[in-house]
Structures are given as structure tokens and as C-alpha cells.
Amino acid sequence: MAEGAASREAPAPLDVAGGEDDPRAGADAASGDAPPPALGGRMRDRRSGVALPGAAGVPADSEAGLLEAARATPRRSSIIKDPSNQKCGGRKKTVSFSSMPSEKKISSAHDCISFMQAGCELKKVRPNSRIYNRFFTLDTDLQALRWEPSKKDLEKAKLDISAIKEIRLGKNTETFRNNGLADQICEDCAFSILHGENYESLDLVANSADVANIWVSGLRYLVSRSKQPLDFIEGNQNTPRFMWLKTVFEAADVDGNGIMLEDTSVELIKQLNPTLKESKIRLKFKEIQKSKEKLTTRVTEEEFCEAFCELCTRPEVYFLLVQISKNKEYLDANDLMLFLEAEQGVTHITEDMCLDIIRRYELSEDGRQKGFLAIDGFTQYLLSPECDIFDPEQKKVAQDMTQPLSHYYINASHNTYLIEDQFRGPADINGYVRALKMGCRSIELDVSDGPDNEPILCNRNNMAMHLSFRSVLEVINKFAFVASEYPLILCLGNHCSLPQQKVMAQQMKKVFGEKLYTEAPLSSESYLPSPEKLKNMIIVKGKKLPSESDLLEGEVTDEDEEAEMSRRMSGDYNGEQKHIWLCRELSDLVSICKSVQHRDFELSMKTQNYWEMCSFSETEASRIANEYPEDFVNYNKKFLSRVYPSAMRIDSSNLNPQDFWNCGCQIVAMNFQTPGPMMDLHTGWFLQNGGCGYVLRPSIMRDEVSYFSANTKGIVPGVSPLVLHIKIISGQNFPKPKGACAKGDVIDPYVCVEIHGIPADCCEQRTKTVQQNSDNPIFDETFEFQVNLPELTMVRFVILDDDYIGDEFIGQYTIPFECLQPGYRHVPLRSFVGDIMEHVTLFVHIAITNRSGGGKPQKRSLSVRMGKKVREYTMLRNIGLKTIDDIFKIAVHPLREAIDMRENMQNAIVSVKELCGLPPIASLKQCLLTLSSRLITSDSTPSVSLVMKDCFPYLEPLGAIPDVQKRMLAAYDLMIQESRVLIEMADTVQEKIVQCQKAGMEFHEELHNLGAKEGLKGRKLNKAIESFAWNITVLKGQGDLLKNAKNEAVENIKQIQLACLSCGLSKGPGGGSEAKGKRSLEAIEEKESSEENGKL
């Protein structure tokens, strides 16, 4: 290799237009917009196959000739590529059987090598921000990488494979991180080749993520097998996958002729991969046979294997498998364990657990016996429920259910009795069945006088279709606790006369019996009972007569939502509240959900009882949320509030529930009969916590003293922002939009990722469109979202057709942020009406990282950021009351210490990741693997030794080491040191913060009086109260963040130590380090069972 081949090429001036050395800079040069070339530079129609000799006198392309040829040909275990099909040039015009897209998929290392030998254009990035177009090829002898044009002679414009130390995917070198054009370069199209003793980098950008993956996979394969004979690439036919397919074919070939009917072959492939369409399999066989200039209804073994591999190999999964298997074409138990720990975030995984996964998902008997997982089994595993994006812990009740009812969001239905629009839609009892089965915990009963003294439920715009009140009660009683055992709230809309009200009360008592919760609320309490205490109880929400009155009936205000809106629209509304008569029997069924009218927050906080609740129309709630967001949140800490859709929504469309959840409103009633984006949000939100219909609100909305505004457009005090990294990799089996008018099944899909939450978090990103591909469109695009309040955030994936006529919707999936699982996950897509679509998925990678401070996610390297940015600290506010301000001033220094310790540890970890060439989303396990690969010499002995100092794992060199390794060790030592400082100091600093918080809280009750004594009133007093709540929120939040950071640091140290042991960095002179490391691990842990120690 020429000295400095990758870093000393003289660039052409930037203003040169064209020519051999034309540097192309900017987004157009590197963003990946250009379509990828056909793989390996092959012709679009090229296919490979077995050349069979024909029998005498029988045409070889006839079925008889094919059968004779197969009998005359010895059974082959290899697929021989037909050289005639490799020729470039024109073909006769003929009918095309090519499937879309027609480029051959990558399904093996051989395909990658062939592509690299054919060559393609890559963009070469220099540290001086210049970008050059170069044509890169791999030598036919597989020994060197070459590029042209170049001002150097041919022998210098090359890179020997033997000099390559490492291949990195993504923008993970200093050239990319600090390059002024880095933001315009697609992350998934970039890769770097590190070579030479000093780890110089050759930084490249492909025109698509697919092409980048081919080069990375191919180069890694070559580097890992550089000592093997040159003909090792030709052994594809001997891979476990081909041997398994051969066995499958032979088992189905009952005649032993090496040929099967096409119908049998199609059925066999469908058995192996049920997601494939029959038409697609038949088209693939025709395509393969057409490339051999024969059409027949019989399939050879080779054609069967080729068809299966091309149809069932997902390139993105193949590239992943090669990456994590250390360039093999299968995973063993150790590979799988590393994948689960480092990528999927699985803890406490063992080799036996990995072998069990292999036994359950590997398709070949040989693989199950030998303990390896090939591409097809790995694909099935990734598609299994074990790799679902939804956290399995949230599929059961996982939250504290002992808090007051007002501390939960409650799954609520509006106009439950309707299954169509509210203008003319008939009443249907199935509305209640569906809602209750979906976990709804608040349903509406709009009751009117019926014939024969029997109350009824009906749409008052369509009285002909009605339900008897009793039949509805019986259905509710039957399904009330099928989906959830937690309390069900019946929102009673009473439009009945006094006689029929008595019938209502009698029927409810008779049907529900002891399930009815009628206990009088205790005046000694301040909050509602908990869902846990109210299990299997039915609570009636409605009007109530004064308890001190002995009257058997009386007047109460009417809360007929639809009637009031009609009066407003007709101009009959004069501001006066309508009244109705209420009987004592029905009144006595109302206990802890007494309906009252809302006037203003100040009056409510003084006079409203905790068992009283208000209902707000959508219009009124929106006005309050905009004008008094903080007051609305504070009100909802103690009292239940219900928001219902505007009566103007005659089509039963839905409001956006997120707008009111942001204000803390617990019961946001939805029209379950109307699907769409708003109902998707509602359904997705209540999937968490076991789908029980109750979701605990964020602590900042529950704490008695806290500051939170529903309209915040910045960071939330006391909450550390997180960064969500989502890579949209591919889609599987996308259907045509149901309402589309276009002919054919061709679609042009793209993906939108929506973030829903507080205003500061709401945003949307979309991928590029993939043309004419519904089966396995590859997107390979990564997005970053800063999330300021994770507990109130949802992620919605939407797949749309860019070339639609009539309808663009393909599918969607909505999931709470807290339920996301990290790693490679399949998203099960739902239809427009919310049903799971079989075999229709989106393949993604999820990672969540910490983000210090506010603003957009940073894209520059840590060294650049540290040099340009002064650290920002969360500030406490001045209240204007000296006694209290003096207490909060004591907390300023501990707060700075807490923030410094957390950020210093995070920065040290990021620095190690950068030096290892890994992105911020990488795990520490991945860092240690990369680190060990550089610190272990060619004879498998480490150049460093693991040394435990006071229970912390340090690495000490065993002799002279290169500067590159010195820098990595220095970064590693700093990470350990900063973690140690945090672990040892966190408790002391947190205690100081907690003491300041407690001292401040002692003034909470007297804050109004103290303010009045100091002359604060009106706006100034409100500002002082707001600042007080801000400071308490900051102190509590920072204390919690510090505690969590310490726990994270302790866990990191354990993982680092285990990784050092498993990577072989403990093998120092004289041995013994490994045992010492294991003993030290026990000292770090606070509590650990003997069983867990045994596993370690």
C-alpha cells in the first residue's frame, strides 16, 4: 500500500466544473438522493442457473428434455453461475417477467464481493471539507481496494486489504464529526476504513445506505478471512443455509429426480415463509427460468434454492447478521448473547437462554443441534413477539395503583351507545361491548323516558332506534371487568321524569348489586380513593341532592351537553343554567363523582370538595388550557375533570386528547366509533399499564407543589431531556390503501414519524419515498427527536402512499414513549380502524440517550462542543421573600455540583464512544468490544491488564503501547474516574438538595400570609407563588436525576467489569486477574443473591 494513500491526495480547486478531479461538496453530493445502481454492475435481467445437458434427440428446454437432463446429471450441492449470463450487452426485445424492483438482492458474502469487484462510484471526504467523486473497485485477487481517477499512479491509488484495521459504518471519525459539510451527509450512507498503525481513515459516502452496507459487509468479510485461500468465496453452496434448502428439496422430491412441479415448489416455499404471496413466488420462478431461456412448469433444485434465497433474504437483516456474527453467515450462542446485551438491552442473559432461542427459531435440524442461527431463523426471531417494539412489562399492570383516582388518566368514551355519527346514527348495544373490551373505564349513558315506564337510551335525533336501559345495564354488568378489574365510571346523562328516575335507580341496584359503590365520602380525607381500593366497583357520576336535606326530590342544575349547545347555536341561551328535578333514590347512587359546575379556579380551590368533579366542553377546556394552563394543571392534581367533544362535531369526529392530557385532565371522552389519528393516539396511550384503562400521570402533575405549564415550549424544570434515535430501516408486505382508486397493486410508500406530547416535543419527520415497492421497501433513514417530558410523549409511525389516488393511508402504529424497547424491533402495523394487519410490519432501530441542557440534539463531536459551549445550569428563581430566598441560595452550590457530576460522567462516556468510532447510541458493551479488539495483539494476548482499585476496574498497560491506544486508555480512565466521583459523592450532594427542599416546603402553607406581610399582592404574589413552585420542582427533579445517575453509574461499572473479563482484558502475566475481578464485582454490588453470583 502506498504511504498515506487515503490522506495525501492533492485536491482539485472547488470551482472546477467537471474533469477527473472534480470535488463535489454539499447535500447533492452526499445525501443519498441518487438511485442505487444494479448490484454488482449486473444487467437488470441477469439471473444465474444450472446449465443442464440435453438428452439425445430431445430439446433441452422441453419438460421431457429437462427431466432426462436431470436424471443424467449427478446430484450437485453447488450453484454454478452461468458465465454466459454475465456478458454485458443488449438482449432481444421480449416479454419481461422481472419483478419490481428487478435488481438482484444481496443474500451472501459472494454477492457483496461480486458487487465490489464490479465497482461503483463513492464520494471521498477529506478533512478539509472537500468531497471527491471516485470510482472504487476490489481487485480480482481480493487483495486491494483501488480508486480512480487520481493524480497518483495506479499503484499508489490503492489500499491493501491487509492494512485495514477496522471498518466503521456511519459518520464516526473526526473527519465526519468536524467536517463543515457533515450535517449534509446522510448518516446511513457514510462509512470509514481505518488503516495503518496510526489508524488513518479513508472516509467515504455511498449513494445509498444499501451500497454502504454492501461495502462494509464485504470489507469486513475480507478482513476477517484475509489469511484464508483466495477461493474461499466460492463456497456459498456449502453454507448451512444451502445445505438445509437442499435437504428440504430432497425431502419433497419424492421421485428423487431433482425436479418438482412448480405448484409443489410454490407450496413448499409458502410453508417455509407464510408471508410470501403465491403470485410473487410464481413470478420469481418465471424470471429465473426466463434468464435461462426456458419456460416450464417444473423446478430444479438449484432454481428452488435461488428463488427461495432471493425471495426470503431481506438484505437489511443479512447485513445485520454479518455485522454481529463477526462476518459469518450464522450466529452462534455467543454472537446472539452479545446481540441481545449490546443491541437489544436484554439483561441477565445466559448461554442456555440463547441456545433455547436458537432451538425455537432455527429452521434446520442441523442448526438446532449444532447451536447456530442462520439468516432465515434469525429473520423469524426478529419478527417474533420477543422482538416486538412494545415493552412486555407494560403488557401487564406495571404502575402504582394505590394513588388517588385523580392522579390517573382514565380511558373514557363519549356517546358510547352510538356506532355511527351523532346526527342520525342509531343506538347500538355493541358500542358498549366494544368500548369495554378495549379497556374503557368511563362510559356514557344518555337516558330518556321510554314507553311503558321503561327508561331508554337513544340518539335524540333518531328516536326510532333505541335501547332499553335495563338491557344496557345487563351488558355493562357482563363486560364491565373483562378487560380490566379497576373501577368503571358510569357518566349518567339524566333526561328522565321522576317516576322513570326511580325505575333507573331500582334497575341499577338490581343488576349491579354489590358492585355499585355508594359509600359516602369521608370529610376527613383530602383525596379520592385509589383504583386499587375500588377494584371491581361501578361508580356513578351524576347530580346529587344536598346531603343535609331530607327531601325525597329536588331541583339541580342540568348538564345536558347537547341541549346547551343547541340553545347556544339557536340564540336561546341567556347565560342562565337550566334546572331539572332529581329523585332521592337516584341521587343516593352518586358518591365520589358528584357533578358540579365549574366557575373559576380560585373559587374551586377554596370551596370544591374532593369528591366533586366538573365536566368541560371541548371549547371551554381549550380556552382554559390556553389562558390558564398552570391553574388547570394544579386544579387537576386534586379534582377529576372530564372533557367531552364539541356538539358541533355532528360527524362524531374526535378532539385531540393530547391537548387536554397536557393539562392533567383525567377523563377525555372519545367517540370510539370514529377511527382516525386522534383515536389512534387514545388507543395507543392506553395500551400501557396492561391496558387496564388507568395510566399514572407524570409526577410533576401529581406533586402538591410543582411547576408545570401545559403550553411549555422549552425544557421542563427538574426533568432531564432525552434524545430518541429512530432508524426507519424497512417495511414488509405493505398493502395497497383500501380507498385507493389507482389500478394495480404498485405503491410508492414513505414513513412519517410523529412525536406527540407537550408543545416543546411535538414534531414530525418523514423518509424519502421508495418507488414501486410494497413487499420490502428499504428506507434506511435515521431521525433524532429531543423529548423534554418522556412520561407524556407518544410516538406514531404512519405509512403513506406517495402516488395515491383517493386514499394514501397504508398503516400506522402509536406507542407511548415509555413503552419503547431499544434495539432492532418490528412494529406491527394497524389498519385505519385499528386492527393489527397480519404480516405487515415496519423494521426499525430504537435508541434513547441522555441529553444535557436544552436545544436541538447536537451533531458535532464532543471536543468541538466542549470548546464552544459554556455549561448551562438550571437556575433557581428569586421569590422576593428574604427568608425563603436565603434557604434556596444554599442549594445553588449543591445543584451545580449535581449537574457537573452528571454531565462530566456523560461527557466522559461519549468521549470513549467517539474514540472507539461508535455513535452516542452505542452501549458500553460495544465500546469494550471495540476497545479490546485494539488492545489485544495478534497472538491473542492483551497489551493491558484489568486492575481493580477500590472496586473500580482500571486498565493498565503491560508495556509500551502506541499513541492511539494511549488516548483510548486515557479516555477510559477518565470515564472510570468520573463515574467513581459520582458514585462516591452523589449521596452527600443529594442530601443537601433534599434538606433545602424540605426547608423550603415548611413555608408552603404560610406563603400567602408571608407574601401579604411583605406587601406582595395580585400579580406579584402570584409570581412569588409560581417561583416558589419552580424552585421546589427544580430541587426535587435534580435530586431524583442525581440518584438515578448514581444507579446508572453503578450499573455501568458492573457492566464494564464483566465486559473486560469476557473480552479477555483480564489475562495479565501470571493469570489470577480474572478471579480477582470476579471477587471485586461482589464488592461493588449492594445486594445480590447467591444464585446471581453463581451466574456471574
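Using the three backbone atoms N, Cα and C, a Cβ is placed for every residue, glycine included.
The phosphothreonine entry in Swiss-Prot, when matched to the candidates Thr297, Thr557, Thr937, corresponds to Thr557. Within the list Thr94, Thr173, Thr296, Thr767, the entry that Swiss-Prot describes as phosphothreonine is Thr94.
The Cβ of Thr557 (phosphothreonine) has Lys543, Gln577, Lys578, His579, Ile580, Gln597 as same-chain neighbours under 8 Å, each 6 or more residues away in sequence. For the domain 'PH' (114-224), the DSSP-based tally of helix, strand and coil residues reads 35 helix, 40 strand, 36 coil. Sorting each residue of the domain 'PI-PLC X-box' (399-543) by its DSSP state yields 43 helix, 40 strand, 62 coil.
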